[in-house]
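Colleague: Relevant sequence annotations retrieved from Swiss-Prot are reproduced here:
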BINDING   Gly94, 97-98, Thr102, 104-107, 122-130, Ser134  5-phospho-alpha-D-ribose 1-diphosphate binding site
BINDING   Gly94, Asn125  anthranilate 1 binding site
BINDING   Ser106, Glu240  Mg(2+) 1 binding site
BINDING   Arg180  anthranilate 2 binding site
BINDING   Asp239, Glu240  Mg(2+) 2 binding site
Amino acid sequence: MIRQAIAKVVELRDLSEGEMIEVMNQIMSGECTPAQIGSFITALRMKGETIAEISGAARVMRERATPIRVGRNVLDIDRDDINLDQETILDVVGTGGDGTNTFNISTTVSFIVSACGVKVAKHGNRSVSSACGSADVLEKLGVNLDVTPEQVERCINEIGIGFLFAPALHGAMKHAIGPRREIGIRTIFNILGPLTNPANADCQVMGVYREELVAKMAGVLHHLGCKRGFVVHGRDGMDEITLTGETAAAEVSPEGVRLFTITPEEFGFSRCSMQALKGGDAVANAAIVRAVLGGEPGPRREIVLLNAGFALLAAGRCATVAAGIDLAAQAIDSGAALMQIEKLATLTN
């Protein structure tokens with residue numbers, strides 16, 4: 001099948017979702033040669049991946065991932081402003097590859113959101129776009145990445161947050177590692193990570209490295225049945241909601257996709273320079289995460305609050321972004337968010 005798929009894609013013809021599923025199953029079963037894999041993902045990149053193609057690939061990766069089973073039968077009753085719903089699982093994740101070298105914003109947000117009563121399955125890896133990926137900073141915060149799926153499940157169920165280390169849970173990806181490394185360009189695999197959470201997170205805030213991906217990835221999330229989510233791209237290049245200017249965004253719901261723009265001012269924040277959000281290596285970024293969760297004021301706190309507000313809205317923990325920002329601030333100022341780091345470190349060691 002992959003030879004026929006390559007022949008079709010080099011003629012700039014799209015694959016159906018079913019065809020993509022067939023090809024991805026071949027790749028992840030080890031049935032394709034490195035040359036075939038490299039040719040296929042390069043041709044797909046040159047043509048441009050469609051929603052159907054990305055969705056098909058994501059379905060296969062989800063099916064082949066080691067599952068993380070999280071209890072969803074608990075009702076969150078600490079809400080009086082929205083309807084009660086079955087407990088949701090949230091992921092706050094970026095594609096990486098934005099090249100901005102900011103501190104670990106989505107990881108910091110994950111601790112805050114979990115302190116607000118939302119179960120967070122943080123899916124991540126080592127560095128892509130900076131000197132420090134989510135896995136790198138978590139190690140320096142004392143979190144053990146070498147844990148079993150059962151330990152990850154226990155973390156999420158008991159303290160509300162667990163880290164899903166992608167290489168440990170996507171074993172079938174090993175067949176694509178060599179071709180990806182050797183061709184050295186961004187391919188469909190660079191955008192599949194945020195779509196393939198092994199805990200089947202049904203709510204999500206996803207950052208992407210190019211604005212053209214906002215609507216496309218939102219379309220994929222909608223197609224894959226995301227309960228509620230936001231796809232964002234800071235127009236300064238960040239794969240987060242930025243404080244330096246505007247953010248292109250899409251809201252995903254069962255009804256469809258809504259495109260809109262976010263500005264810091266609409267939520268009471270001042271714009272800042274990119275320099276104010278810069279990070280460093282894993283040791284430096286771990287210190288920044290602790291400082292922000294310890295109550296340090298300034299742009300780092302504000303960008304984390306803004307992103308957390310949208311994450312809490314996606315998870316149904318609040319009715320508005322403004323209410324989510326208030327909840328996030330309370331989680332920091334009470335010490336609850338910082339305590340989540342210690343709980344996760346203790347439970348994984």
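Glycine too: its Cβ is placed from the backbone N, Cα and C atoms.
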Colleague: Would you identify which of the binding-site residues Asp239, Glu240 has the most other C-beta atoms lying within 10 angstroms of its C-beta?
Modeller: Asp239
Colleague: Can you check which residue among the binding-site residues His123, Arg126, Arg180 has the largest number of Cβ atoms within 10 Å of its own?
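Modeller: When each Cβ's neighbours within 10 Å are tallied, His123 leads.
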Colleague: Other than its own, how many Cβ atoms are within 10 Å of the Cβ belonging to Gly94 (5-phospho-alpha-D-ribose 1-diphosphate binding site)?
Modeller: 27
Colleague: What Cα-Cα separation, expressed in whole Å, is found between His123 (5-phospho-alpha-D-ribose 1-diphosphate binding site) and Asp239 (Mg(2+) 2 binding site)?
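Modeller: Roughly 15 Å, rounded to the nearest whole number.
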Colleague: For a quick check of packing: other C-beta atoms within 10 Å of the C-beta of Ser106 (5-phospho-alpha-D-ribose 1-diphosphate binding site), how many?
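Modeller: Total other Cβ atoms inside 10 Å, all chains included: 23.
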Colleague: If you draw a 10 Å sphere around the Cβ of Asn125 (anthranilate 1 binding site), how many other Cβ atoms fall inside it, taking every protein chain shown into account?
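Modeller: Excluding its own Cβ, Asn125 (anthranilate 1 binding site) sees 18 Cβ atoms within 10 Å.
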Colleague: If you compare CA-to-CA distances from Glu240 (Mg(2+) 1 binding site) to each of the binding-site residues Thr102, Ser106, Asn125, Arg126, Arg180, which comes out shortest?
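Modeller: When the Cα distances are compared, Ser106 comes out closest.
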Colleague: Among the binding-site residues Gly94, Asn125, Arg126, whose Cα is within 10 A of the Cα of Asp239 (Mg(2+) 2 binding site)?
Modeller: Gly94
Colleague: If I take the alpha carbons of Asn125 (anthranilate 1 binding site) and Gly94 (5-phospho-alpha-D-ribose 1-diphosphate binding site), what is the distance between them in whole Å?
Modeller: 10
Colleague: Cα-Cα separation of Thr102 (5-phospho-alpha-D-ribose 1-diphosphate binding site) and Arg180 (anthranilate 2 binding site), in Å?
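Modeller: Thr102 (5-phospho-alpha-D-ribose 1-diphosphate binding site) to Arg180 (anthranilate 2 binding site), Cα-Cα distance: 25 Å.
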